[in-house]
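Here is what TrEMBL records for this protein:
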- B:22-309: domain 'ABC transmembrane type-1' (DOMAIN)
- B:336-544: domain 'ABC transporter' (DOMAIN)
- B:26-50: transmembrane segment (TRANSMEM)
- B:56-77: transmembrane segment (TRANSMEM)
- B:136-154: transmembrane segment (TRANSMEM)
- B:160-180: transmembrane segment (TRANSMEM)
- B:238-261: transmembrane segment (TRANSMEM)
Amino acid sequence: MTPLWQIFRLIWRDRRASMSRAVLLTIWVMVAGIALLSLSGWFIVAAGMAGLAGTGAVFDVFRPSAGIRFLAMARTAGRYGERLLSHDATLKVLTSLRVRLLVGMSRENHAMLLRLRSGKALNRLTADIDALDGVAIRVVFPVLGAAFAALATFAGLWFLVGPLVSVWAVGSHVFGGALVLFWGGWAGAHLSERAEDLSQDLRAGVIDHLRGRLTLISAGRLRDNMAVLGRIDAAARAAMMKQAGIEWRVAAGLQLVALSSLVGTILISGRLLSDGHIGAAQAALAIFAALALAELGGAIQRGVFELGRMRAAARRVAPGLSGAPLDPQIVGNEDGLAMPGSELTGLALTGLDLCPAPGTGTIVENFNLVVSAGETVALIGASGSGKTSLLNAIAGLIPVSRGQISTGGRLGYLPQRPALMAGTIRDALHLAAPDSDDRDKALIMAVCAFPVDLDYRLGESGSGLSGGEQRRLALARVLIQRPAILLLDEPTEGLDHATAESVLHGVRAWLPDAAILIAAHRPAERQAADRVISL
Amino acid sequence: MTSPALRYLTRICAPQRRRLKLGSGLAVLAEALWLPQAAVLAMVLGGMASGQDPDLWMSAGAIAILGVARSGLIFLASRQFEQGADAVLAATRAQILARAQQYAPGPEVPSSAQTAVLMVEKTSLIRAHLLRWPAARARVAVIPVLILAVIFPVSWPVALILMISGPLIPVFMALIGMAAKDASARQMEEISGLNSLLVDRLGALIDIRLLRADKQMKNDFQIRADRLRQQTMQVLRVAFLSSAVLELFAALGVAMTAVYVGFTLLGELRFGSWGRVLTASEGIWLLLLAPVFFQPLRDMAAAWHDRVAAQAAADELLMDEERSLTRIPGQGADADRMAGAISVRGLRLRGISYPDLDIAPGEMLAITGPSGSGKTTFLMALAGILPSDGALKVGDVIVDDKTADGWRQSVALITQHVHFLDLPLRENLTLAPSIDDDRLAQALTLADADEIVNQLPQGLDTVLGERGGGVSGGEARRLIVARTAYWNRPYVMADEPTADLDDMTAQRVIRGLLDLNAQGAGLIVATHDPRLIRVIERRIDLAA
């Protein structure tokens with residue numbers, strides 16, 4: 001099953017009622033369009049003949065003209081309903097796909113998340129999902145609708161006019177149209193895929209460029225990197241231009257198919273008329289039907305051009321969707337990240353072996369440690385001695401090779417490089433503790449020696465705060481959850497000695513019974529500990 | 001009368017005006033050819049109805065030739081529009097990027113995702129607008145009038161029917177357009193908001209998991225995504241409603257024409273043809289022209305939504321253009337280095353005055369002070385990242401917009417927050433057009449960073465996460481120190497360079513920085529780390 005088909009099935013299954021109604025309406029709209037024009041043509045010609053023959057008085061004008069009015073209104077109403085239904089249903093499904101994809105991403109393993117680049121991940125969640133909105137609306141529905149409408153026209157012309165006219169008028173459209181559209185799809189698919197890929201590269205590149213602009217500026221490479229982005233943009237636009245060239249050719253091709261169908265129908269029905277096989281009104285009906293059939297190809301056209309882009313997007317998105325239910329209700333492990341021990345309070349590590357990544361050597365071997373409630377332990381050791389890996393393992397971010405980790409109670413972890421987000425201080429704390437009020441929030445900021453206005457607004461990735469301020473805000477985020485076990489990785493980095501001491505003192509005062517494990521590198525952190533363990 | 005957004009659109013399209021005009025002309029001509037084509041078709045059908053034997057081959061040939069000519073003209077018109085739109089797109093995108101990359105860091109700077117969306121997606125809305133709107137507008141100006149002009153001498157009642165039902169359409173469109181504009185603007189805003197929200201959340205997925213806030217994040221996102229859906233649906237609903245109204249008017253106009261023509265042909269109605277009898281050919285011709293009378297109006301209505309979307313995008317572009325934020329001086333380009341002593345006189349930034357200062361080449365200086373006293377801001381001004389308004393001089397040269405590039409080439413800046421570009425480590429460590437591998441190896445040794453690279457599975461070819469994911473914080477810092485060594489510039493300026501390093505590594509890095517100083521580089525650090533302050537000869541203390 002191709003990914004694109006998989007996505008279509010997801011959309012269909014999730015919104016079967018709306019989608020099936022929409023597809024019926026699509027067919028109706030197309031059939032009604034052709035019927036409307038054919039009936040009008042027939043009516044005028046028949047009326048003209050009746051007028052010439054002097055039989056106007058007995059000619060039934062009301063039924064055909066009522067039919068014309070009905071078809072016109074019903075087609076308009078049908079189109080409105082179809083668009084509303086199909087778009088609403090598609091957007092609903094896409095929204096839930098987006099959420100599902102984000103949940104899937106947040107469950108990736110630690111190593112993957114470390115390497116995740118926001119620009120590219122953003123592309124998955126926005127551009128790729130957006131690209132999929134036409135799967136049902138612009139590809140599957142129009143093709144189905146056109147097929148049914150062509151079949152209905154074929155049958156109608158066969159019975160009302162004759163087999164030869166029917167075969168030519170419908171056949172030339174179907175085969176000519178299919179030929180042109182297949183060519184367009186074949187020639188255009190890789191171009192639309194390429195244009196989309198390049199646009200996404202451009203987006204991710206711009207995000208990287210802007211996030212890293214200080215680095216680029218001090219390297220004197222900002223202009224050069226901008227030129228690189230300019231080249232990606234030029235390539236993306238060139239692909240779009242090439243694709244546009246194919247679109248014009250397809251449009252012209254479809255017009256020529258319609259033209260030859262019309263011309264052929266005129267010649268055939270004219271011959272049948274002069275041979276006396278059909279009447280003039282029937283000939284008019286056939287000619288107008290041939291004229292109306294041109295709409296079918298036009299309806300499919302746009303979807304064909306988007307096919308390449310959709311296929312590529314589906315390929316990238318589909319793997320992230322497998323497994324999880326469409327509307328996941330529960331995310332994350334409510335009990336915390338590590339296994340709760342039975343009657344244990346505090347933290348116990350027994351016979352622990354750790355290797356930070358598969359294939360690399362073991363950096364911590366047969367490690368044993370108990371941190372009781374109310375105790376503070378500092379871990380020291382050179383860079384790379386495994387302090388951070390140990391904390392990561394306790395927090396459940398990386399697996400342990402051997403041994404056991406037991407924790408009693410809720411765990412809080414301040415990682416080495418916490419990431420902050422744009423928004424106010426209040427937003428940041430609210431994310432950690434949705435139930436806390438402003439008083440709690442102000443209090444925790446004071447504990448962290450960072451008494452700041454809760455309305456203070458941070459920029460992207462927490463810009464607008466100094467390194468030390470960011471660190472204290474990140475610490476406040478952890479503390480406000482009142483963990484029973486607190487893991488701190490270099491908590492006072494970026495703080496002067498006095499502030500560092502006051503922060504560490506505040507942490508202990510805030511959580512008198514917590515088991516605290518610090519990966520320490522500064523004197524203040526060691527001094528705050530009851531015990532110091534060297535790795 | 002014209003809104004700022006429309007004036008903005010006119011301004012950015014001005015260089016392509018001739019192209020767009022030519023395209024419009026071709027599109028009008030193509031549509032006008034339908035008049036003779038319809039006339040031939042009507043003569044054939046009329047001939048059939050009246051029992052004459054029309055010359056099928058001649059007529060079919062004429063229809064075919066006119067049809068091919070129309071297709072050709074449309075093809076040529078499309079090309080003009082596409083090329084014009086492409087040029088506008090290219091210029092607009094380049095402008096947006098040039099502006100955004102120059103913003104000095106700060107909380108009011110638009111998020112990178114917001115800028116990326118503006119640049120890639122929202123400018124595409126302007127492209128879509130240019131592909132459809134000028135042609136539609138030109139056709140509306142010409143085709144309906146042309147059709148009325150040729151119909152009137154044949155049948156004035158049909159002309160009257162069209163004349164009455166046609167102009168109602170623009171009135172409706174204007175009413176609906178106003179509603180559409182608000183809906184579009186709201187949708188645009190929601191798209192930016194959602195993108196900014198996501199780009200930050202995606203960068204913080206680990207933290208979110210550690211805080212057990214995934215559910216909260218999911219709920220937030222679901223609410224935002226749902227709001228975007230509703231706003232998109234609102235825009236679409238207006239679009240669908242307006243096109244339904246249009247279709248209805250068009251259908252009514254055509255149906256009334258058909259009924260009038262039908263009754264006239266039957267002989268029931270005997271007025272309207274200036275005393276002549278309406279022939280079947282003429283009747284059919286009128287019927288064939290009626291839908292074409294409405295077609296440009298319908299196309300304009302369809303393009304109207306592109307126009308509204310483009311206007312909303314133009315509003316944002318205009319806002320982006322008018323945003324007054326602190327700019328990083330200079331171009332960020334490669335330039336000749338500047339040498340000499342640094343002198344600061346009367347520097348005032350963001351409401352804080354900084355002390356006057358002279359720094360000789362090769363000197364060492366530590367900027368200290370409590371958290372929040374402006375150490376980073378001061379260092380950024382010295383490094384030529386923040387504009388110093390003439391307060392900063394190097395030798396005899398004032399560091400300003402013209403000289404900042406050269407000055408920054410003389411300073412190796414180590415920022416507090418590490419950002420690794422989406423490039424292999426080798427390029428991140430050099431950021432230079434050509435790479436000298438031997439010098440890079442030496443630089444890595446100096447920064448005590450060889451073994452970091454050796455531990456990486458792909459060594460110098462590794463692509464790290466944007467915040468240095470793949471190595472520890474201390475390791476990331478040491479890698480940046482290695483880059484500084486590689487750059488070998490007259491000054492090294494570092495913001496808390498030893499912040500995440502343990503004693504042993506910090507000592508090695510400090511030694512590395514001192515080595516650079518010994519080789520002649522001036523060393524300026526903003527720090528509160530006593531280990532570093534201790535070894536720096538000169539110290540300047542910023543009050544809180």
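Numbers here mean position along the shown chain, with the first residue as 1.
Any Cβ shown, glycine's included, is placed from N, Cα and C.
Under 8 Å from some Cβ of the transmembrane segment (B:160-180) lie the Cβ atoms of residues 144, 147-148, 151, 235, 238-239, 241-242, 245-246, 249-250, 252-253, 256-257, 260, 290, 293-294, 297, 300-301, 304-305, 308, all in the same chain and six or more residues away from its ends. Residues 24-25, 27-28, 31-32, 35, 162-163, 166, 273-274, 278, 282, 285-286, 289, 292-293, 295-297, 299-300, 302-303 of the same chain lie 6 or more positions beyond the ends of the transmembrane segment (B:136-154) yet place their CB under 8 Å from a CB of it. Beyond its flanks by at least six residues, the transmembrane segment (B:56-77) meets 23-24, 26-27, 29-31, 33-34, 36-37, 40-41, 43-44, 135 of its own chain at Cβ-Cβ distances under 8 Å.
Averaged over the domain 'ABC transporter' (B:336-544), the predicted model has a pLDDT of 87.
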